[in-house]
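Chemist: Okay, here's the structure, questions in a sec.
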């Protein structure tokens, strides 16, 4: 079932990207904004990359002194649906629920987390949240919706990176993975003046090759142990309803702990997220609070 869900979500990803939209984790969508509203492309980034504007869906690879790809293990690349072909020793979370000792997968308090913004739908969620929470944002959405990104910050929420354009990382080359991460970091730096500390892989697709690259950026991998599958509300999947999601939330409340995966890239998922927030209440934590660590690697004035 996990493999089928991943295949389905990637197929929807391809459709929405062709329509000029940016797909959210596991299927929900976040529309890209108008170019004239973008975060200005900073001079320091032009000097470093010799480019003058933000990239499209496929960002170019820019070598970095502190990223040594010779230290990355040589593991097979794989695509959605190919889990039976890869070794369990690759420690794939999306295939085998395999986690590394450094991965964050849960929290001692039941807490919501949100992927794929910033997006217009995010604004409604920000107005209703009663506590600090964690947003994992796409770089391409960050530069296209800088005002919404700033609203997230103004309300004191924690922001982590979710790559530049939501690619299935295990299918990419090492250089392409670096590009997805570095451009997302630069987008956050230019828009929010900080260097993120937390990283969530799109689709939860991560193995030890991807981890090795992520760790060289100094990022902490954040996964989840409670999945709402709210993206199925966007795809009109008959196997998931709002009522079923809220029933799961009530069950999870009894456990009083865990990290919930949700999405803020679409109006429908935000509507459910607000109801979930009302059910759980404000006694929730950010990822940094869950593990007793700092919000960002660095902040800039």
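Cβ coordinates are placed from backbone N, Cα and C, and glycine is handled just like the others.
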Chemist: In Swiss-Prot, 162, 166 are given as binding Co(2+), so which of 116, 147, 207 is in that site too?
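Modeler: The one candidate that Swiss-Prot places in that Co(2+) site: 116.
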Chemist: Do me a favour and check the Cα-Cα span between residue 68 (N-linked glycosylation site) and residue 203 (acetate binding site); whole Å is fine.
Modeler: 25
Chemist: Nearest to residue 203 (acetate binding site) by Cα distance: which of the recorded positions 107, 166, 189, 290 is it?
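Modeler: With Cα distances computed to residue 203 (acetate binding site), the winner among 107, 166, 189, 290 is 166.
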Chemist: Within 10 Å of residue 263 (active site, proton donor) (Cα-Cα), which of the recorded positions 50, 107, 166, 189?
Modeler: none
Chemist: Can you tell me how far the Cα of residue 290 (disulfide bond) sits from the Cα of residue 50 (N-linked glycosylation site), in Å?
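Modeler: Cα-Cα, rounded: 40 Å.
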